[in-house]
Structures are given as structure tokens and as C-alpha cells.
Amino acid sequence: MSERTLVLVKPDGVRRGVVGEVVSRIERKGLKLVALELRTLPRETAEAHYGEHSSKPFFGELVDFITGGPLVAMVVEGPRAIEAFRALAGATDPVKATPGTVRGDFALEIGENIVHGSDSTDSAAREIKLFFPELG
Ligand code: DAT
Ligand code: MG
């Protein structure tokens, strides 16, 4: 049974030049790309995407960061794609993320942890609709 997840290479990842590295790891794992686009997010989209964090003290910084440059948005498909990509990404805090994961290999700061991946079937459906309404 296949499912879809929304993956972002966030502006720090684009700036660092690791888009190809992330795409390569997704493909090596056997997951399939369904959509892929470089774009700069409007503030409203960023606020909607991170809506669950709107009351957190870091929300303003998070929205500034994610809108601060182009990112790469992807829809990725495969068996248990949501969990599979979260495993490739590693823990939210890159210092705690296991080496071998994207965050474990390429990042040091929680606010600049290179990638996003949906965390549940509900959030995947919501996020894919927000970024790629034409896939709905
Ligand atoms: P994840 O991206 O692993 O799903 P999350 O949904 O808890 O993590 O948080 C979303 C993003 O917000 C995360 O990738 C980086 C940022 N963030 C989380 N906790 C933070 C904190 N304590 N300080 C600064 N930024 C934080
Ligand atoms: Mg999250």
C-alpha cells in the first residue's frame, strides 16, 4: 500500500547545495518523486504550513527562515513513505540526529535542519494540498 508525503529541502539546504544529495537519498531508498519544484514561499503559505507551531516562541523566526529564500518542495511516494522519509531525515535536533541521516550529516542547529517531512497521514494530506493543490 503506497502513500504520499510532502518533503521540503528548506532554504538552508538550497543555500548549502544539498538538494541533489537529498533527492539522491530519496531515490536510493526506493521512494518515487511525484512532484518537485523550486519556489519561494509567501508568508501566508508558510504560516499555514507551520500552523501547529503558531503559539511557539520560535514561530516568527521559523516563518522568517522558511520564507527567506527559495526552497525545493516535493511530493514523495512509496510504501510507508511518511515514516521512511522521517527516518532518512533524522531527529529534529541535528546534534541528536544519527550520523547517516540528512540532519545528522549536514546540520548543527535546530532552526536550520535542512529538510521537512510530513509527520502523519493527516498532515501529509494537508501539506500536499497546500503546496500542490493540483495533485488533490
Ligand atoms: P520536524 O521538522 O522534525 O517535524 P517540528 O515539527 O517539531 O519538527 O518543528 C518544525 C520546525 O521548527 C523544525 O524542523 C525546526 C523548528 N523548531 C522546532 N523546535 C524548535 C526550537 N525549539 N527552536 C527553534 N526552532 C525549532
Ligand atoms: Mg513537524
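Every residue, even glycine, has its Cβ placed from backbone N, Cα and C.
Not measured: the values here are computed from a predicted model.
Here TrEMBL flags 2-136 as domain 'Nucleoside diphosphate kinase-like'. Counted with DSSP, the domain 'Nucleoside diphosphate kinase-like' (2-136) comes out as 63 helix, 32 strand, 40 coil.
Residue environment of Arg103 (ATP binding site) contains 24 other Cβ atoms, counted within 10 Å of its Cβ in all protein chains. The feature ATP binding site is assigned by TrEMBL to Lys10, Phe58, Arg86, Thr92, Arg103, Asn113.
Annotation source TrEMBL lists active site, pros-phosphohistidine intermediate at His116. Within 10 Å of the Cβ of His116 (active site, pros-phosphohistidine intermediate) there are 21 other Cβ atoms, across all protein chains.
The Cβ neighbour count for Thr92 (ATP binding site), using a 10 Å radius over every protein chain in view, is 11.
A Cβ distance below 6 Å to any atom of ligand 2 is met by none of the binding-site residues Lys10, Phe58, Arg86, Thr92, Arg103, Asn113. Comment: ATP site residues Lys10, Phe58, Arg86, Thr92, Arg103, Asn113; largest CA to CA distance 22 Å, whole number. Checking the binding-site residues Lys10, Arg86, Thr92, Arg103 for a CB within less than 6 Å of any atom of ligand 1 leaves Thr92, listed in sequence order.
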